[in-house]
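Under the heading compositional bias 'Basic and acidic residues', TrEMBL lists 433-443. Annotation comment: TrEMBL describes 5-69 as domain 'DUF1899'. Taken from TrEMBL, the feature region 'Disordered' covers 424-443. According to TrEMBL, the repeat 'WD' annotation covers 78-112, 128-170, 176-217.
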Amino acid sequence: MSWQPQYRSSKFRHVYGKAASKEKCYDCVPITRNVHDNHFCAVNPHFIAVVTECAGGGSFLVIPINQTGKLNPNHPKICGHKGNVLDIKWNPFNDFVIASCSEDATVKIWDIPKHFLTRSITSPKRELLGHTRRVGLIEWHPTANNILFSSGYDYKIMIWNLDVEDAVISNPVKTLDAHKDVVLSMSFNTDGSLLATACRDRKIRLLDPRAGTVLQEASYKSHKVNKVLFLGNMKKLFSTGTSRWNNRQIALWDQNDLSVPLLEEDLDGSSGLLFPFYDSDTHMLYVVGKGDGNIRYYEISPEKPYLNYLMEYRSQLPQKGVGTMPKRGLEVSACEIFRFYKLIPTKSLIEPISMIVPRRSESYQEDIYPLTTGTQPALTALEWLKGVNKGPVLVSLRPGSGAVNSLPQFLEPELLMETSDLSQDQCQGRQLSPEDIKKSSKIDDSRKHLNVEEKMPKNEQVCLSNGFDIFECPPPKTENELLQMFYRQQEEIRRLREIVNQRDIQIKQLELQLRNTCMETGFY
């Protein structure tokens, strides 16, 4: 039996990390010295927020994303907390709203002016009073608007509805009492119907946040968990922690069975925490070490070995915390697929690190930029509280594809099925009945309304350039799948039109050459 090497094809095999130049860093930033295990940094396409060191109460800075270089020592601050700020998070659906939590047992919601800060802000838009001890974690719901989760040292997770007019909210809509110790990490699945938590009692819990019930619980003794993360729609959980011998360790879990991890791997003997970040668009997982300068990155696959190591970004400057830019804020012309903002308190520096896929072409690379989460919420707060689940609203990152908040209208799934059926009948040469002709005219009218110009060949199947076959692929079952199919078809139509235009030019050139040859032959 001949030996066959096990090569794995991946478009992200050669991804590399590139640190920004000194001019594009944020210098002289008084980064907090707090030892709490959090990111201490939040980023969106307009601002970067970072928790700062100050005397008397807690504060954080909000810096315009383009204001790089040395920071003015008198830069305005957000300083309404009476204790140290422990966590900050931008609203995913409003780039000018940020939430913060503190040791003073409060959660505050702040409005950032669109013309940037000219003076320090001390009065929040809303104040959430419910915890009896300090609040260490906050998380916005990924698809529902104005739903915020907070976790405190009173071992409780509280759900807040911010769709109210009250400036001070004292009663959360739901309180989860499933934990017996401090919650160290929270993570949502894609549609926000499930919540995964890591607790100081070493257990991972999977909860239904609206019902308040624990669906799964992991009490695996050889893995002391610190952070837990949902891996998109993979139905898997990823956790970081320490082993029995206090080595830094990562583990992969089946969402439906948390009794034993699918994968367990020791990394090194350092004592710093590991922060995991997952990019559901590229299926890449990043593991950032606190107290060192390394960023390991992997590619996740649905089948064994599940976790495929790619590379490691190394730096001599240790990071205390890290922030990440949403996909809509990346530089697609440079093939940037992820961006970190590394907090270096020893130098009072914030250093952006871009993860780049090396490509020679400067055109838009659709294969590394699939549809991604936009800024439009899929649900209102009341809809989610009533039990409705919906995936995130997806948008394209192609430049000039329209406003980030907008989505094109699409054919209904039944209408799309009828379209494919009629196209297949035409391909097979079968005569259409009058009823079928009426159906096709109705579909044509719908297509005109959508401005979708598409011509199907009669004797050939259309295969997309990335191997996606319209007829072999099963029909889309969800709205997201329909969106993806639509954009892929539009890209294929654009590519075919370019090929046709190039062939027309070649035909004209050959005709001109033939005419010149005939004239020369006749002359001589």
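Any Cβ shown, glycine's included, is placed from N, Cα and C.
Residue counts for the repeat 'WD' (176-217) under DSSP (helix as H, G, I; strand as E, B; rest coil) come to 0 helix, 22 strand, 20 coil. Under DSSP, the residues of the domain 'DUF1899' (5-69) split into helix, strand and coil as follows: 3 helix, 24 strand, 38 coil.
In this model, the repeat 'WD' (128-170) carries an average pLDDT of 95.
Sorting the repeat 'WD' (128-170) by DSSP state (H, G, I as helix; E, B as strand; all else coil) yields 0 helix, 22 strand, 21 coil.
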